[in-house]
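Swiss-Prot annotations:
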COILED    56-82  coiled coil
DOMAIN    7-39  domain 'LisH'
MOD_RES   Lys53  N6-acetyllysine
MOD_RES   Ser109  phosphoserine
REGION    1-66  region 'Interaction with NDE1'
REGION    1-102  region 'Interaction with NDEL1'
REGION    83-410  region 'Interaction with dynein and dynactin'
REGION    367-409  region 'Interaction with DCX'
REGION    388-410  region 'Interaction with NDEL1'
REPEAT    106-147  repeat 'WD 1'
REPEAT    148-187  repeat 'WD 2'
REPEAT    190-229  repeat 'WD 3'
REPEAT    232-271  repeat 'WD 4'
REPEAT    274-333  repeat 'WD 5'
REPEAT    336-377  repeat 'WD 6'
REPEAT    379-410  repeat 'WD 7'
Amino acid sequence: MVLSQRQRDELNRAIADYLRSNGYEEAYSVFKKEAELDMNEELDKKYAGLLEKKWTSVIRLQKKVMELESKLNEAKEEFTSGGPLGQKRDPKEWIPRPPEKYALSGHRSPVTRVIFHPVFSVMVSASEDATIKVWDYETGDFERTLKGHTDSVQDISFDHSGKLLASCSADMTIKLWDFQGFECIRTMHGHDHNVSSVAIMPNGDHIVSASRDKTIKMWEVQTGYCVKTFTGHREWVRMVRPNQDGTLIASCSNDQTVRVWVVATKECKAELREHEHVVECISWAPESSYSSISEATGSETKKSGKPGPFLLSGSRDKTIKMWDVSTGMCLMTLVGHDNWVRGVLFHSGGKFILSCADDKTLRVWDYKNKRCMKTLNAHEHFVTSLDFHKTAPYVVTGFVDQTVKVWECR
């Protein structure tokens, strides 16, 4: 940088003042002579302490610049990742923000599953302590405990009205609870091993369950009878989930596959095999996301003119995969977690994917650009489960350290 003659003269006089006032007489004399300075009292007063002032000002400005750069980078990140720009951002783009709103304690063993009630402002957690707990997610208050299972409760599911809750357990049973009276109204026996997953079908008439006995069973809600058994997996079936209209169910297993079954015929419609380890979790894409998925992946539209259905899977191979069920093709693989992926689901707005893992993080993915856009260091221990509220701006996570956390989205 080139200084003007005036700036150079001011700098030289400030240096001369600094040398003289700090006792560097010899250096002052030499510098004054070489810089050809004509010093007098008036000028001396003007430049007294000027060099020190300039120096401290530069340091102060540097600090300010660094702070502003940091804020600018944060603002850029918020802008690109759907952050809070006043209240103008579309709620469909709201994502969880740290810190958590509540950290809820009460379970005496690791939390295995967390879900929101479809109607009321409550959420439910299941645990290895054999209990199910009900919490108010708006106030953080504990409401009640449902007891009945004799071993770890592995999964829970509401019907669409929220009047019935299904649970399954390592005690090899499935229980149906009246969520208005909080009583167990039915217990179903039939699996020969740990029942790892349960889901109430969209019509509310049937329940599906998956087990370590390698089977998937369908049960009648009214009678508790097992009406269908789906066989094909070669190892422990980890999770089962029905699609939106209940015509298909998806399952994932220790055999490293994801299978899609036609409910009416029990036929295995697709066997999806690209994971390299146990597949822990699956989630169907909501129909609201079909067009953006098709656009992001370039997947072909079927003869019917409708894209999809699409499915997500998370695995111990640390990846998340998106599948086109109609073709059996893996559309994308999301890489970023550093440990087993334990939960995955679509954001209710359809544009993002949320996941949790044993790397202690909760992540938000922009699948259109195939990148992780937000990482929340959720806890000091493994994150076992997550759920995203369909209408309210909340995410809930469960942890191995026995706690449940509620996150606000904005």
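A Cβ is built for glycine as well, from the same backbone N, Cα and C atoms used for every other residue.
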Secondary structure tally of the repeat 'WD 6' (336-377) (DSSP, helix then strand then coil): 0 helix, 25 strand, 17 coil
Tertiary contacts of the repeat 'WD 1' (106-147) (same chain, 6+ residues out, Cβ under 8 Å): 153-158, 160-162, 165, 167, 169, 171, 177, 179, 182, 184, 384-390, 392, 394, 396-404, 406
Residues that sit under 8 angstroms from Ser109 (phosphoserine) by C-beta distance, when 6+ apart in the chain: Ser127, Glu128, Asp129, Ser152, Gln402
Model confidence over the region 'Interaction with dynein and dynactin' (83-410), averaged pLDDT: 94
Lys53 (N6-acetyllysine), number of other Cβ atoms within 10 Å: 11
Non-local residues, at least 6 beyond the ends, that sit with Cβ under 8 Å of the repeat 'WD 4' (232-271): 155, 194, 196-199, 201-203, 208-212, 214-216, 218, 277-284, 286-287, 309, 311, 313, 315, 323, 325, 328
